[in-house]
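Beneath this line is the structure, given in structure tokens, with notes to follow.
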Amino acid sequence: MAFPAALALAADPIASLIDTVFIGRIGAVELAAVGVSIAIFNQAARITIYPLVSITTSFVAQEQTLADTTIHAPKSDHPENDGGNKEQIITPQDLEKGSDKITSTCKQPPCGDDVTSEVKKGKRHIPSASTAMVFGLVLGLLQTLFLVFGAKILLLVMGVKPNSPMMKPALKYLTLRSMGAPAVLLSLAMQGIFRGFKDTKTPLYATGMHKYGNWLHIETLMAIMTVACRYLITLILLCQLVKQVKLLPFHIKDLQFGRFLKNGIHWCNYSLFGFGLTILIMKTFTGVMLMGRVIAVTFCVTLSASMAARLGPTPMAAFQICLQVWLTSSLLADGLAVAGQAILACAFAEKDYEKVTAVTVRVLQMSFVMGMGLAVVVGVGLHFGSGIFSKDAAVLRLISIGVVFVAGTQPINSLAFVCDGVNFGSSDFAYTAYSMILVGGASIASIFLLSKSNGFIGIWVALTIYMVLRAFAGIW
């Protein structure tokens, strides 16, 4: 399960890496321009992608486990002994509260027969799947509008000056690339659904077409081909998903908008200096928490790209090459996190805590081994193969400096990604949000300080500090 997930997750970074190879042969200015554009697009996309996909994977896995338990649960021979309550309904919200009931996932009792009928026909009724699709489409459209109308302003904020040679190609690439935002969000929402079913092969087959489609790119057609391939992926995944899931809900109330956005509201009583005070404590909204986490985490990479862009086209071109290799190799380890997340979500739904412990230990062990292997492969490969990205001597010299950080952080990156998967699988969204916001704040400060004092090297030292803090927070 982990290997197909790793390949599917790495498809986007591999596509960007191939773009980097082709554009790097055109020139350092063009490569730097595309690097800035990709940084902006990725920042906007990841703000919505990570919360949407992570929540979808966990919620779908939980609902599927509860549905399977309901279908195979033996019926009572003495319904009169059930205390008059023939239909005890458990919802995914009950699971989050620790409910021990095992019945249907539907809120309305009549849905039970329909769900069983659909499952027998090969289709499943998973409310979280339909909800994720709606969120993906709406967020994708909003993202497109934001990037198209704010492209020039965003490039200026990133440090690209109006008279810079990077401005024109960066503006054109970003505008074209943003047209694919709805397809990106929809396809990744569907990938989260498939991963919740522990099916990582279907997303791999679809995203493989995107990866190979990039080999057809030629200069100005790169952004257009990327967008076209994204819509093709979305169509393929949708055709496969409708065969397995009933996407149209039985009722609009079946959509889990509230569950995606919040955990709930609780009242607690406290006594202070002898006076009783009733305080309304709102459990932090899950979606909002994760969005804050993603902004804090991904902004570190975006800020690093901005600092590199301010150093000029040559440092930005070298940074883009190192960054794409860094992201591609690191996300290979994220396949373990995805596999572990789905398995852990099911184990928690079944209340099998021994399995939870065993899975956690195993994925952590595998992540360290994978990280060490990636460090060797990336270090040797980038040292001897940097010439395929650029022929510029100044760019190659900076790459030789960055390879130490790119390769050396691989074990740390692997550990950080897997710890995220473990926390998401246990639905511990609050801790992951709070800890990563603190990590992001400290890392952003180090990026500002070190980039000013040490330039290109300082940026990579700051990114190393960021990943060390992120791994530490995940283990803690």
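Using N, Cα and C of the backbone, Cβ positions are placed for all residues, glycine too.
Just so you know, TrEMBL annotations never went through curation; they're auto-generated.
Annotation comment: TrEMBL describes 133-158 (among others) as transmembrane segment.
What TrEMBL lists as transmembrane segment is 170-194 (among others).
Marked as transmembrane segment by TrEMBL: 214-239 (among others).
Positions annotated as transmembrane segment by TrEMBL: 260-282 (among others).
Among the features that TrEMBL reports, transmembrane segment is placed at 288-309 (among others).
Positions annotated as transmembrane segment by TrEMBL: 321-343 (among others).
If you look up TrEMBL, you'll see 363-382 (among others) marked as transmembrane segment. Sequence-distant contacts of the transmembrane segment (363-382) (same chain, six or more residues past either end, CB-CB distance under 8 Å): 2, 322, 325, 329-330, 332-333, 336-337, 339-340, 399, 403, 406-408, 410-415, 417-419, 421-422.
Among the features that TrEMBL reports, transmembrane segment is placed at 394-417 (among others). Same-chain neighbours of the transmembrane segment (394-417): 24, 28, 314-315, 317-319, 321-322, 325-326, 329-331, 333-334, 336-337, 364, 367-368, 370-372, 374-376, 378-379, 382-383, 386-387, 456-457, 460-461, 463-464, 467-468, 470-471, 474-475, counting only residues six or more beyond its ends whose CB sits under 8 Å from a CB of the stretch.
Among the features that TrEMBL reports, transmembrane segment is placed at 429-450 (among others).
The transmembrane segment annotation in TrEMBL covers 457-475 (among others). Here the transmembrane segment (457-475) has Cβ contacts under 8 Å with residues 297, 300-301, 304, 307-308, 319, 322, 401-402, 405-406, 408-409, 412-413, 415-416, 418-420, 422-423, 432, 435-436, 438-440, 442-443, 446-447, 449-451 of the same chain, all six or more residues outside its ends.
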Can you name the far-off residues of the same chain, 6+ from the ends of the transmembrane segment (288-309), with a Cβ under 8 Å from a Cβ of it? 32, 35-36, 39-40, 42-43, 46-51, 54-55, 157-160, 166, 261-262, 315-316, 319-320, 323, 429-430, 432-434, 436-437, 439-441, 443-444, 447-448, 451, 456, 459, 462-463, 466, 470
What parts of the chain pack near the transmembrane segment (170-194), using Cβ distances under 8 Å and only residues at least 6 beyond its ends? 8, 33-34, 36-38, 40-41, 44-45, 48-49, 52-57, 60, 126, 128-129, 132-133, 135-137, 139-141, 143-144, 147-148, 151-152, 154-155, 160, 200, 202-203, 206-207, 222-224, 226-227, 230-231, 233-234, 237-238, 240-241, 245
Same-chain residues near the transmembrane segment (429-450), Cβ under 8 Å, at least 6 residues beyond its ends: 55, 283-284, 286, 289-290, 292-293, 295-297, 299-300, 303-304, 307, 420, 423, 458-459, 461-463, 465-466, 469-470, 473-474, 476
Long-range Cβ neighbours of the transmembrane segment (133-158) (under 8 Å; 6 or more residues past either end): 36-37, 39-41, 44-45, 48, 52, 167, 170-171, 174-175, 177-179, 181-186, 188-190, 247, 255, 260, 302, 305-306, 309
